[in-house]
Amino acid sequence: MNHTHETIIAGRPMKVEFGKLGMLSDAAILMSYGDTVILTNVNASEKPREGIDFFPLSVEYEERLYSVGKIPGGFIKREGKPSEKAILNGRAIDRPLRPLFPKGYRNDVQVVCTVVSVENDNLPEILAINAASMALCLSSIPFTTPVAAVQVGLIGEEFILNPTSKEREESSLQLTVCATKERVMMIEAGGDEIPEDTMINAIKFGFDKCQDIIKFQEEAVSMFGKEKKVPELHKVPEEIEEAVREFAFDMISESMHITDRDERNAAMDEVKAKINEEFEEKYPDNMSDIGEAVYDMQKEVVRHMLLKEGKRPDGRAFDEVRNIGCEVGLLPRTHGTGLFTRGLTQVMTVATLGAISEIQILDGIGEEESKRYMHHYNFPAYSVGEVRPLRGPGRREIGHGALAERALEPLIPSEAEFPYTIRLVSEVLSSNGSTSQASVCGSTLALLDAGVPIKRPAAGIAMGLITSKDLTEEEVLTDIQGLEDFFGDMDFKVAGTEEGITSIQVDTKIKGLSEKVIHDAIYGARKARLMILDKIKECIPAPREEVSKYAPKTSTLQIDPEKIRDVIGAGGKVINKIIADTGVKIDIKEDGLVYVSSAESEGVKEAVKIIEGLTKEVKSGEIYLGKVTKIAQFGAFVEVLPNKEGLVHISKLDNKRVEKVEDIVSVGDEILVKVTEIDSQGRINLSRKDAIKEAEEENKQQ
C-alpha cells in the first residue's frame, strides 16, 4: 500500500512516499525536496553477527549521473567506484545515525541512499540524511530517534535556511547541522573566517530549524510506520563482568594512571596477557566478552580520572596544548614543505605547484566541475607502529583530506593572483590524536614555504569531551590525544585563522551535544588555535617572496576572445607548434585569459612573445621591424607580426629610385617599415622609405 506525507521546509515542498517502491526491503522510501529525489532502502539481518564487538552498520551513498541528465565519461559509460564526494556524503549520513542505535545491537544494518534526481537548489546530501533517518524510523529496525539535517548559509548578517544555488555562491558560510529533538548530533562547516559568536548562533539557528523536519518524520511514523522488532542486544554476562572486574580492575586502574604513553601501553598489554591467561580456559567462547569488559573498565577509569580526579592521562591541564614544533624546507627538490609536530602526533605536508591545465576535472552530480587546489592525506600503518599492507586511501583518509582542504580553501589566492594549480599531500609520520588538524597546520607551513600568498595562516585543533553515563557531568578537553579520542565521547575539530573559523567537523559517540559543550569547544579551540598560529609565525612569518626554483614558471596574458582561434590554429596546428618549439604548457580560457607555464622561464617568454604576435593587431601609422619573406618584381613582402604580412611597393623601398628590389633587400632581411594603409580587404601596405624618414627625424631631434 502506498503512503505519502508532505510538508513545507524553507518555502519548498518536502515529501515522502512509502510502500510504492522496493517492496522486499524492510523499508524503502522515495523522499523529495523540490525536484531533488532520493531513493532510500534499509535492511537488517535477522540475527546478530557472532564474534564481534562493534555495530556492523554500513551506509552507501550512490550517485547516479542520470539524476542530472549526464552520461558517464570514459569508455565503459557506466558509474564506477564512488566519487570522493559520495564517500564523504556516506560518512556524513553514518555519523549522526550510529550513536542512536541501541547499545549492544549487533545485527548487520545497511542503508542505501540512491540519488535519482537532482535540482541544484536543493542539495541531495542534506536530503539523504533526512531520508536515511525517515526510512529507519519507518522500518521495523530498532531505530526510534528521528534525526534531521539542514544547511545554513550566511549572506551579510542574515542566516539562510537551505540556501539555493545562487544563495550558496553569495554565502560566506556552508554549515550542515544534524540534530535530534534534544541535542546536536553532527556539525560540518566551511566558512570565510566566521567569528565564533556568529558560528554558535548559526548552529542554534540550524538546530531550531531541524525541529520542523523531526516533527514531519514523527507524523509519518505515527501514520504508517512499521511495528518495531524487539532486538536481541548483546551484553557481557554479569558473571564474566564481575569476575574480570574482581581480578583486573585495580591493575587496569594502576596502568591507566601511568602518564607516559609507551609505559602505559606496555603495562596494559601485560594486564591483558594476565587476564587472558586467567580466563581463556574458563571462558574459551567468551574472549570477545572479556575484551569488551576490559574496554568498559578502561573507559570507566578514564572517565573517573577526568571527572572526579580532574586529571588527564598525560598530566596536562584540561585547556593545555601539547608541545608544538614547526619546521619548513625539509626536502631539497620539492616546491614547499612543512613539518608540524604536536606531542607524539607528527605530519609532514608537501606542496606542489603545477600549471593551470593540471586542475582536477570532476565528473559527478555536483555543480563543481574542477578543482585547482587539492589536499590529500595519507595514514600509513607505521604512523601507529603497526604492520599491515599498504593499500589505496580508505574512507577515513578521504574524509580527513577533505576536512583539511576545506580549512584552507577560503585562504587560497585566486587564479588571477596566483596562476598555479596547488596540490598538498600530508604524510602522517606519527599518530597520537588529531592528525587531520595537524595536517591543517602542516599545510599552512608548506604553502608559506612554497611562496603561495595565502590570505592568512590557518591552524586546527581537536577538542574532546568526557561525560558521565547520565550526561549530567561533562568536561571539554583541548587537544585530545589518542587515548582521550578512543575513550572519549566527542571529536570536535575546529580550524581557522586569527580572524575566525574556516572549518568545523564534529563527531559524537553519545546521543548529542548540549549548547554549553558546543560553546566551550568553539571558544576553547580559538584559544588553542591562536597559540599554535604564534608558533607557525615564529617559524615562517610570511610566504616566501618567490616560488621555488624547481616550480614551473608561469605568465598570463589577456587576448581578444575572437583571436583564440588564431592561437589554436586549424586542428591545433599553431598551438601545438608553439608548445613543441618552446616546451611550455598553454591553457586558454573562454574569456581570452591565457596561461603559459614551463620549467624554464626562457620558454615562457618566447611563447608569450609568439602569442602576443599572433593576437596583436597591425595598426596604420605604426612602425614595425619586419622580416622579408618573398620578393617580387613590384616589391617585397614583409612579415610585420606572426602570420601578418604586408607589401612594400618598389616605389616605397628607398628615397632614391629603385631599379630592382634585390638591390635593396633580400629574403630574410629584417627591415623597418611603416604601415601606410590597411585597405577594405585587410591588405597591409608598407613603406620602408617613410620608416627611414621618421627614424632620421627622430635622430635629429635627439
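Cβ from N, Cα, C; glycine included.
Residues or ranges marked as Mg(2+) binding site by Swiss-Prot: Asp485, Asp491. Remark: Asp491 (Mg(2+) binding site) has Ala462, Gly464, Ile480, Asp485, Gln505, Val506, Asp507, Thr508 as non-local neighbours, by Cβ distance under 8 Å and separation of at least 6 in sequence.
According to Swiss-Prot, the domain 'KH' annotation covers 552-611, on the basis of sequence analysis.
Annotation comment: Swiss-Prot describes 621-689 as domain 'S1 motif', evidence class sequence analysis.
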Mean predicted confidence [pLDDT] for the domain 'S1 motif' (621-689): 90
Neighbour tally for Asp485 (Mg(2+) binding site), based on other Cβ positions within 10 Å of its Cβ: 17
Summary of DSSP states over the domain 'KH' (552-611), given as helix, strand and coil counts: 32 helix, 16 strand, 12 coil
